[in-house]
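See below for the structure under consideration.
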Amino acid sequence: MAGPTYLTGDKAAINEFLDRFDVFLLDCDGVIWTGDHVFEGVPETLELLRSRGKKVVFVTNNSTKSRDEYLKKFTTLGIPSNVEEIFGSAYSSAIYISRILQLPAPKNKVFVLGEAGIEIELRSENVPFVGGTDPSLRRDMTPEDWRGLADGSLLEPDVGCVLAGLDFHVNYLKWAHALQYLRRGAVFLATNVDSTFPMNHNLFPGAGSIGAMPLAYMTGTQPVALGKPSQAMMDAIEGKFRLDRARTCMVGDRLNTDIKFGIEGGLGGTLAVLTGVATRADWEAADAVAVPAFYVDKLSDLGAVVAQE
């Protein structure tokens, strides 16, 4: 299999690449920024894409922020955007639960393992929930907890779904609640199953590592994941933006989420950047999970050359 086309520094190749696509789906962490540090030249590159009539959609697996919260971050970091350009795994999960899963009331509550971003998006779709940021769950187990969880007396009887995301306050008590709901037949969903995420030029535990996968190990079942590379998310994006997949390119820094997402979604192209998780050695390996069609050292390489016209 031929390797990806390297675009950095090749003006003609970059122009040809840009002409092939109408829509660019962009990951955020590792592509646009790391933590609160925006990679140099990214705002200008995004404006270049827009000036060429390209549709830009920010597709993130980070469920800790709602779309409105992401918009605030974009604005604070000097990146022009609007809420309709943002599509996160928390929003994707809320759409899936409310419009596809459609659990019958009253057993339609969601037990959330995650942060406020999930709660905000669930509220936007009128999905009832418990757990999440509830301060009463941020403590150690008590003898009463062991007894009440075992016999079900401490459980909310109307929970029909467990949604696992990135929870910065995960603990044994929350895991114990989630396990009991799943053992009683709740639908098992995950905002995403990322093992890690990039922050401040390093890697930290992701939603999969501390939320979905421990529960999968406990129950022996895998969740329906609603972030990249789940095609449930791709279908939702296509439905919302009415995009032509053949004229759409996925841009990301992870092979097992971003690039796999684009390939399995039948998009016209995938572009890897080397500012996040993936390295050239990852896709050159014999057991590479996915191989991008194109790659650049950093996103701004798309704009640095073209801007010289």
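Just so you know, glycine gets a Cβ as well, placed from its N, Cα and C.
The annotation active site, proton donor is assigned in TrEMBL to Asp27, Asp29. Summarising the annotation, TrEMBL assigns Mg(2+) binding site to Asp27, Asp29, Asp253. The substrate binding site feature in TrEMBL is assigned to Lys228.
Rounded to a whole value, the Cα-Cα separation of Lys228 (substrate binding site) and Asp27 (active site, proton donor) is 10 Å. For Asp253 (Mg(2+) binding site), the count of additional Cβ atoms within 10 Å of its Cβ stands at 24 [all protein chains shown]. Between the CA atoms of Asp253 (Mg(2+) binding site) and Asp27 (active site, proton donor) there is a gap of 8 Å, rounded to the nearest whole number. The Cβ centroid of Asp27, Asp29, Asp253 marks the Mg(2+) site; residues of that chain outside this set whose Cβ lies within 8 Å of it are Cys28, Gly30, Val31, Ile32, Thr60, Pro198, Gly252, Arg254, Asp258, Val273, Gly276, Val277, given in sequence order.
For the recorded positions shown (Asp27, Asp29), fewest C-beta neighbours within 10 angstroms: Asp29. The Cβ of Lys228 (substrate binding site) has 30 neighbouring Cβ atoms from other residues within 10 Å, across all protein chains displayed.
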